[in-house]
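Engineer: Among the features that TrEMBL reports, transmembrane segment is placed at A:21-39, A:45-63, A:95-115, A:122-143, A:172-191, A:212-238, A:258-282, A:294-312, A:332-350.
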Amino acid sequence: MRFLFKTDYEDDIKLFPHSGYVVSYGLLIALLLIAPYVLSSYLMSQLVFVCIYATVGVALLILTGFTGQASLGHAAFLAIGAYTAAYLQKYNVPFPVYFLAAGLLTGIVGAMVGFPALRLQGIYLVIATISFAFIVEEILARWESVTNGNEGMRIKTLSLLGVAVPRDSPTFYFLCLAVLVLTIVGTLNLLRSPTGRAFVAIRDSETAARSMGVNVALYKVKSFAISAAITGFAGVLFAHKLSFISPEMFTLQLSIEFIIVILIGGTFSLHGAVLGAIFIVMIDPFLTYLKDDMPGIIAGVAATFGAGTEAAGNIQSKVAAFASLNGLKGAIYGIIIVLFVLFEPLGLYGRWLKIKLFFQLFPLYKRATFKRQKIYVKSERNR
Amino acid sequence: MSYFRAENLSLHFGGLKAVDAVSFAVEKGEILSIIGPNGAGKSSIFNLISRIYRPTSGRIFFEDQDITEQPPYDIAKLGIARTFQNIELFENATVLSNLLVGRHRHSTTQLWQELLFLPNVRANEKLHRRRVEQVIEFLDLEPYRDKLISGLPYGVRKVIELARALCSEPKLILLDEPSSGLNVEETDDMSFWIRDMRSELGITVLMVEHDMTLVNRVSDRVIALNYGRVLAMGSPAEVQQHPDVVAAYLGA
């Protein structure tokens, strides 16, 4: 185990507490930089989606993880970013301009959603954000002169400073990676400055935050705006990656996927957003694999245990029918959320910390280390 | 003109008069205690001052400025800090970041500067950190800097709440039952700190307290309340011998 001797206040502020961090993150960045020249094009495409989902995850973490305001409307923010890009592209606006414009517009919309949210708490806020998402979805479907309605919009190939950047090129991947890294660095900067601490204060006790001079309303709106703006940036990349967008892509299910990203990754640290993004992007091919191969495997196992050819075929068709049921994916997502909330509330990153601590303290690790102390004295909250 | 003044302060919940036309003044550099049985309206007065409740009637003045209509976050900016009876700390944050929130009223940096962590933000952070360290030293909190609040015992949390209030460098501090839940030694420490706050940091103290030993030891003046009304006001000894106060406590 390493003991840090702090000799300067700088030691409490800097992003990398010791040289080990520099080495491991340096290694990670190096691996990510050589990835496009090593990995298959399918995995590269998945990696781009991981970057985009992780960016949205970081945005959602700012709002939900650190400010304590739940949102099931982030698919709508993503949609606004994507459609702004698609619309401005029609008028030959260059990429940097519509990229920034999408973030700005989404940020403004986010602040507008934040205002009514000031009076809502918990589950009511969730319902308000869901309704906002439905409103946006409906507008996208009906406002045909701008959004082309349900027919959707085609996105032209990204052109950066006159150079075409196809959606499966390494350059596009680097662009997504850069956006993710800048988002993470910006968020970390925010979290170690007064604004980030005010967010955390609002999450844990609005009354105390107020009595310490935090303008709770202003900071909630700020949190909504920042979160939405980042999601808007991600939306532009999302649109380019898919090259075609339509309203039914930005449904409640996508918002739930974003919630899964942070719930499964861990809501207390930015690592969670990245781990959760990897999880959610990789679960889709895994489910497809299960759907394609599971019936055959189960039938094979049944045959080995003495089932006749006909019985095995019967089992195979039944499993196949089950695997292709409508809404099975949603059900699996639901089960995953429930299991994580019950058994791993700190998420994948929490699990990683536990494993790390286990080896650091071996053989002295106690399971109770991560147990939260129960709070017996709780004041009636003055909302 | 007094330093802090409440005039005919009232708070009614329907027919219940939690605070009923209470007037008092606090002089600069004074330690004033408010005592009274449960439900006398002591904490309500604090909640009125820090604007968690809106007074039904009456006015509050601080440094000759009417602060009755100020929004809650401005009260802290004026230099009035408070602690809570049942501890309102930021549970899932470290002690350091709790204390740094206390510095919020002194932060001057803009959002975009913070996103880039420009040199002025860094300089400010170091300044805040130094001020926080002074408070940590003052209250002997050195062992807890990087600990999460949720893992700390009650007595320590109580001190951290006081520390957070002190980090905002207040002119007037409102202490809501600083000794509740503390053992005899911790209460002793608390009484020394309260007196040091006045003598070393020049802070005026207004506190609600049940522990009469602590009240006798630190207060210059005492106000006794019952059913939202002022029963008696004066030196600790005078108030304790006042017949109405004795009746309120002993039910004669």
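Keep in mind that glycine also has a Cβ here, set from the backbone N, Cα and C atoms.
For the listed features, I'd like the structural context: burial, neighbours, distances.
Structural biologist: Tertiary neighbourhood of the transmembrane segment (A:21-39): same-chain residues 15, 47, 170, 173-174, 177, 181, selected by CB-CB distance under 8 Å and a gap of 6+ residues from either end.
Below 8 angstroms of C-beta separation, residues 35, 39, 69, 71, 74, 77-78, 167-168, 172-173, 176-177, 179-180, 183-184, 187, 190, 199, 223-224, 226-231, 233-234, 237-238, 241, 257-259, 261-262, 265, 267, 270, 272-274, 276-278, 280-282, 285 of the same chain, each at least six residues beyond the ends of the transmembrane segment (A:45-63), sit close to that stretch.
Within the chain, the transmembrane segment (A:95-115) has long-range Cβ neighbours (under 8 A, six or more residues past its boundaries) at 73, 77, 80-82, 84-85, 88-89, 128-129, 132, 158-160, 220-233, 235-236.
With a threshold of 8 Å between CB atoms, the same-chain residues lying at least 6 positions outside the transmembrane segment (A:172-191) that come near it are 15, 29, 32-33, 35-36, 44, 47-48, 51-52, 54-55, 58-59, 61-62, 66, 158, 160, 165-166, 197, 199-200, 226, 230, 233-234, 237, 240-241, 270.
Non-local neighbours of the transmembrane segment (A:258-282) in the same chain are 46, 49-51, 53-54, 56-58, 60-61, 64-65, 72, 74-75, 184, 187-188, 333, 336-337, 340-341, 346-350, 352; each lies 6+ residues outside the stretch with a CB under 8 Å from one of its CB atoms.
Within the chain, the transmembrane segment (A:294-312) has long-range Cβ neighbours (under 8 A, six or more residues past its boundaries) at 319-320, 323.
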